[in-house]
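> My questions will all concern the structure given below.
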Amino acid sequence: MPSRKFADGEVVMGRWPGSVLYYEVQVASYDDVAHLYTVKYKDGTELALKESDIRTLSSFKHRKSQSSSSSPSRRSSSRSRSRSPGRPAKGRRRSSSQSREHKEDKKKTVQETNLVPLVLHFLFKPSENNTRSYNGEPESTERNDTSFIALEQKFKPDLDIERVLEHYSLRPRKEEKKREEIYSEKKIFETMKTEKAPPKTKDLEFGGRIGTFMLIFFLPATVFYLLLLCKQDDPSIMNFPPPLPALESLWETRVFGVFLLWFALQALFYLLPIGKVVEGLPLSSGKKLHYRINGFYAFILTAAAIGALLCFQFDLHYLYDHFMQFAVSAAAFSMGLSIFLYIRSLKAPEEELAPSGNSGYLVYDFFIGHELNPRIGSFDLKYFCELRPGLIGWVVINLAMLLAEMKIHNLSMPSLSMILVNSFQLLYVVDALWNEEAVLTTMDITHDGFGFMLAFGDLVWVPFVYSLQAFYLVGHPITISWPVAAAITILNCIGYYIFRSANSQKNNFRRNPADPKLAYLKFIPTATGKGLLVTGWWGFVRHPNYLGDIIMALAWSLPCGFNHILPYFYVIYFICLLVHREARDEHNCKQKYGLAWEKYCQRVPYRIFPYIY
């Protein structure tokens, strides 16, 4: 085993991932297994770096003396400010033109001291991606670089941070010209840039190896238990265990064939060359994947297909009669898919592995997902399963339950309770498909791998647990008055408005923070180059989208009455899930944003529920 070169507590120069810039850091610890150093930057951000990305302070002594020995007259010269030891003449001419542009734009741009390195990184980073600012990777920094000391002296107006939050913009100027210049400089540093493999996952979730092993069995058992309970005359959770059916009755080849046909149909709709193609957020390697946005078209085509089947007297009551068998088929398929995904991930390049599912433990990585974006050609398996088979299947199941209620109870029209449940959940699904592009910025796509957790969640949990209210109402009808229905509808609209407006606000800001429509938003700049919103919904609580989710979940359950707690399982589960996600987000954001996150928490003290939590 190779010996470590740098000791704990030693102050060194660490390369910022994805760039050629080095910053002063302190070694915090060393991982003997992964051979990675955990270093801490001056703003509190911690990153794992390879030994090849770390240099001693003495190796930067010449550069530092060159910057610090510049006279005031030299600092006033744009040519001297832009000069660095390895920059060619073309780079110096480009820096001079940029300096003149800064002077011309001085009245419009307000800068604050701790944002200076961010501006410098944006201007001088030799990468073709440097025209992006707060909308994603590669990320800028707030750290003090020794090669930019002279420049920092130029841009240090003592202004209030609130003016920065209101007016600060990094809108690129003369973009095409810069790209040509940057491309020529990129070749100079090409040999210095290496792709950084994701470090081993250290912080294990869900109880680590033991917890994830138990969840692999507990999650399917929970789904089957809930469905069996719904079929009972007295669906009390105290009636445990419910009467168990014969094992042979849980499987039917024909049902499994119908499920495969449904999955194949959705895959066919996904492959249709309709809808726009967009780029996802940058990966750790800087690469951007392309996604076709046609989920809403797939929903329309599915609705047309279901309508055609009903016209030809196809009875959707078959889905209700074999509901448990469909759940077993979906669970078996998700398990087989998860095994396939893990086996293929063993041959995936290291830079394509998921940061959350790269622990080295088979069971844990199998559950979380070892590969971040498994693809067969251009077919993205995770992205496809996220919104298509399960989410659209949820609507089809609800429709089948509505028709089953009418048939079993001899109704000429569905009950008001069933109409509310179907309408609320249909709105939720249509909204997700209409705003399909927003899913590309979620943790499921950008952070979590595709393993058993997401495969089972997308294909089993979503369609068969989220439809629990409709399934419950078939066997246990509830009559509600129109005033009660109106009150529940208002509650759902409030939750939906919070959910949608908060998500739209966040997604629009991530995509284009310089959008004039977002000029009213204030944010705290971070060392990663992204901003933390402190106004709007995200200045109200830290996770307003979770608040809207919980309010909507309650509105979905209220039409089922209060005779049993079973219809409210989804609300309880959703609160527990979101609290877990919120805790994970807090941990990740604290590591990623450092002191900026602490400032944000002081500014926005409530997490999900205002004045409560």
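Note that Cβ sites are derived from N, Cα and C of the backbone, with glycine treated the same way.
Straight from TrEMBL, here's the annotation block:
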DOMAIN    4-62  domain 'Tudor'
REGION    58-110  region 'Disordered'
COMPBIAS  66-75  compositional bias 'Low complexity'
COMPBIAS  76-95  compositional bias 'Basic residues'
COMPBIAS  99-110  compositional bias 'Basic and acidic residues'
TRANSMEM  210-228  transmembrane segment
TRANSMEM  255-275  transmembrane segment
TRANSMEM  296-316  transmembrane segment
TRANSMEM  322-343  transmembrane segment
TRANSMEM  454-474  transmembrane segment
TRANSMEM  480-499  transmembrane segment
TRANSMEM  520-541  transmembrane segment
TRANSMEM  561-580  transmembrane segment
> Between the transmembrane segment (322-343) and the transmembrane segment (520-541), are there at least three Cβ pairs closer than 8 Å, leaving out pairs fewer than 6 positions apart?
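As far as Cβ distances go (cut-off 8 Å, pairs 6 or more apart), the transmembrane segment (322-343) and the transmembrane segment (520-541) do not touch.
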> Is the transmembrane segment (296-316) in contact with the transmembrane segment (255-275), using three or more Cβ pairs under 8 angstroms as the rule and ignoring pairs under 6 apart in sequence?
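Between the transmembrane segment (296-316) and the transmembrane segment (255-275), which are separate recorded stretches, there is contact, as judged by 3 or more close Cβ pairs.
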> Let me spell it out: take the transmembrane segment (210-228), skip the flanking residues so only those 6+ beyond its ends count, and list any with a Cβ under 8 Å from a Cβ in it.
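Here the qualifying positions are 240-245, 323-324, 327-328, 331, 363-364, 366-368, 452-453, 456, 460-461, 464-465, 468, 471, 566, 569.
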> Six or more residues beyond either end and a Cβ under 8 Å away: which residues meet both conditions relative to the transmembrane segment (296-316)?
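Counting only partners 6 or more residues beyond its ends, the transmembrane segment (296-316) has Cβ contacts under 8 Å with 265-266, 269-270, 272, 274-275, 388, 392, 395-396, 399-400, 403-404, 429-430, 433-434, 436.
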